[in-house]
Amino acid sequence: MNINIFLLITLFLIQRSHGVIYELNDTEYDKMPPMFHLEPYGPCVHEPGGVYCTVELKLVSDGPSELMTMIEEYSLRREMHLNHSRLHRGVCVTRTCKDYLSQNTSADIHLVLEGCLNDTFWKQYKLKSKLSTEVLCNDLDNKMDIDYGDIAVAVICLAILMLNIIGSLYDFMFVPNKESKGNKLLMCFSIRRNWKKLVARPADGPDPRLRRLKGFNGLRTISIIIVIMEHSLLPFIISANDSHELERKYYNIIYHILIDGALVVQTFFVMSGCLLSYNLQLYAEKRDINWTMIPKGILQRWFRLTPSYAVVLAITTTWLRFAGSGPLWQSAVGVEVKDCRRDGWLNLIYLNNYIDESQCMPQTWYIAADMQLYIAGLIILTLATSVISRKIVLSVLFVVGLIIPACHTYIQNLDAGLIISPELVRDYFVKDRTFNHTYKRGHTNIASYILGISLGMLIYYLQKNEFSVEKYKKFKLIYWATLPVMLILLPSGSFFYFFQNNPSLYLKAIYSGVARPIFGSIIVLIILGMAFKLENVYRGILEWNGWATPARISYSAYILHVLFVRSLTGSRTTLIHVLFTLGTVIITYLVSYPYWLLVEAPSVSLSKIIFSLGAKEKSKAEAEVRKSERIPA
């Protein structure tokens with residue numbers, strides 16, 4: 001029997017108690033008002049005085065209503081169903097509600113829409129409606145003014161462009177020899193030099209042992225593409241043309257493999273922790289590790305991440321609001337601009353993942369969490385210098401990392417994992433308690449980061465002792481099973497909601513504590529097999545040279561992609577079509593290449609110059625001390 005039919009029958013046979021309706025046939029479903037409806041946008045706003053507004057409204061009933069009862073009971077299945085009492089409408093006020101405009105002498109758009117929509121819903125469904133949020137209107141006569149912040153950001157962007165032009169001309173005209181270094185500051189902005197860096201083959205680095213981590217390029221790129229594709233699916237849910245078909249897909253386990261990819265982010269935590277500990281151990285071979293490395297390491301990390309991040313944040317806060325128009329523009333883009341103006345400073349100090357219900361670049365919760373875990377890992381590895389002390393500290397923190405999410409889930413009665421439910425996505429996750437308390441915090445992701453740190457230490461130790469993998473090659477089949485296990489684990493959080501409405505709180509807490517570390521452990525196994533050449537299938541894919549270039553722009557792609565998701569959603573005048581997801585991925589990467597060349601690459605080169613000058617000054621000072629003490633250098 002088809003698994004989807006089996007699941008539907010099972011759910012329908014499960015007791016329909018506690019006022020929950022699991023499934024409706026098409027006839028029953030069509031009795032409910034459509035979740036989303038957009039009137040034609042262009043003809044409205046281009047007519048003289050035309051006003052187009054989008055609004056979220058709540059269905060209510062003053063008396064007993066079979067339809068309202070059905071809507072409420074069907075909406076209780078929040079993991080699989082949209083809230084059908086919460087509707088979105090795009091209305092041409094000057095056409096649809098012109099009678100109410102003439103009656104309302106105060107021209108209060110809120111009262112006009114409320115009266116107009118109330119009358120419509122009463123005539124069609126014998127229900128009433130209340131506007132649940134502010135009314136967001138687009139009209140071409142209501143132009144936004146350019147303020148000082150817009151001018152300042154424009155000047156900065158123009159300055160960056162001019163520096164790239166000057167640097168490129170300087171490189172082309174005055175530094176014809178590619179081996180000549182030229183002026184270091186100007187060469188940071190040479191597009192020709194940065195392009196060569198972008199398309200270069202994967203570099204081995206100063207130490208040949210780094211060659212074994214070449215597969216990180218493949219892991220990073222594949223994971224970023226998965227994340228972008230998942231985020232690009234959000235508009236399908238936010239403005240679904242057929243909400244019933246969408247909800248049916250949620251009963252298809254294959255669909256959950258596509259949308260429930262929240263665990264993929266653990267790949268980045270594992271890789272980040274691994275690179276931190278591995279590189280620090282290579283560094284320790286030449287220099288002593290002491291506490292002074294902590295502030296320096298934090299500053300280096302901040303300068304590496306922040307300039308590229310800050311430019312996107314600045315554009316989002318200012319010029320993004322002028323970038324388009326559409327029935328969903330204010331709800332998709334205007335809200336983010338407003339929140340970034342209020343909360344953007346928290347993004348620049350990497351605390352935004354501890355602020356809830358802000359739609360300012362919500363995808364950057366990971367960058368903040370990674371920065372926090374990087375600082376914690378740097379402190380641990382710097383202060384705990386012996387192997388034994390590191391093992392003890394990392395073991396304790398790993399156990400703590402298992403317990404903390406479980407405690408959050410149990411005490412706060414949260415979901416077992418982040419469920420990408422239709423209703424959750426409508427608010428870009430920011431109002432979901434599970435997302436806020438266990439998914440995006442730094443301290444709730446510490447287990448995977450500790451796995452990464454331990455992995456870096458293990459790889460370094462095995463390489464140093466010339467570890468041979470030959471006797472382990474008989475376990476190739478087990479190693480190849482890691483990918484199927486990952487595909488099973490990705491949607492595993494959804495299993496809680498297929499067969500019962502109220503999963504055990506103990507089971508949810510246990511899953512919350514172990515799911516991410518288990519996924520992280522699978523990534524650890526994949527990296528270990530790749531690093532020591534256990535087999536050539538997964539390793540061959542991940543170490544393909546073609547991953548090098550997209551891996552270099554992965555950070556730019558990550559911070560840019562939601563900007564395009566929102567902009568494309570907001571500028572559409574009809575409901576979303578199937579090419580949206582693929583189009584978002586393509587546009588993101590097409591823009592990420594020039595963004596890397598013009599912004600990220602120059603900022604990284606500049607940060608290296610700044611810190612290399614500090615290192616040179618320190619070396620000179622040490623040399624002077626040795627000379628004064630007559631100690632051979």
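Going from the start of the chain as shown, residues are counted 1 onward.
Glycine is treated like the rest: Cβ placed from N, Cα and C.
TrEMBL labels come from automatic prediction, so no person has curated them.
Pulled from TrEMBL:
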type     : residues : note
DOMAIN   : 214-593  : domain 'Acyltransferase 3'
SIGNAL   : 1-19     : signal peptide
TRANSMEM : 151-175  : transmembrane segment
TRANSMEM : 219-238  : transmembrane segment
TRANSMEM : 253-280  : transmembrane segment
TRANSMEM : 301-322  : transmembrane segment
TRANSMEM : 365-385  : transmembrane segment
TRANSMEM : 392-411  : transmembrane segment
TRANSMEM : 446-462  : transmembrane segment
TRANSMEM : 477-498  : transmembrane segment
TRANSMEM : 510-532  : transmembrane segment
TRANSMEM : 575-598  : transmembrane segment
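Between the transmembrane segment (446-462) and the transmembrane segment (392-411) there are 3 or more Cβ pairs closer than 8 Å, counting only residues 6 or more apart in sequence, so the two stretches are in contact. At the 8 Å Cβ cutoff, the transmembrane segment (392-411) and the transmembrane segment (365-385) share at least 3 close pairs (sequence separation 6 or more) and count as touching. Tertiary proximity for the transmembrane segment (510-532) is limited to same-chain residues at least six positions away from its ends with a CB under 8 Å from its CB atoms, namely 212-213, 215-216, 219, 263, 266-267, 269-271, 274, 398, 401-406, 408-409, 414, 416-417, 438, 445, 447-448, 451-452, 455, 458-459, 462, 467, 469, 479, 482, 485-486, 489-490, 492-493, 496, 538-539, 542-543.
If you look at the transmembrane segment (477-498), the same-chain residues 6 or more away from its ends with a CB under 8 A from one of its CBs are 7, 10-11, 79-80, 251, 253, 256-257, 260-264, 415-419, 507-508, 511, 515, 518-519, 522, 525-526, 529, 534-535, 537-538. Counting Cβ pairs under 8 Å to the transmembrane segment (151-175), the top-ranked stretch among 253-280, 301-322, 365-385 is 301-322. On the 0 to 100 pLDDT scale, the model's mean across the domain 'Acyltransferase 3' (214-593) is 88. With a cut-off of 8 Å between Cβ atoms, the residues of this chain six or more beyond the transmembrane segment (365-385) that come close are 265, 268-269, 272-273, 276-277, 280, 289-291, 293-294, 297-298, 301-302, 305, 309, 347, 350-354, 392-394, 397, 439-443, 445-446, 449, 453, 558-559. Within its own chain, the transmembrane segment (301-322) is flanked in space by residues 144, 149-150, 153-154, 156-157, 160, 333-334, 336-337, 340-341, 344, 347-348, 360-361, 364, 367, 371, 374-375, 555-556, 559-560, 563, 567, 595, 599-600, 603-604, 606-607, 610-611, which lie at least six positions past its ends and keep a Cβ under 8 Å from the stretch.
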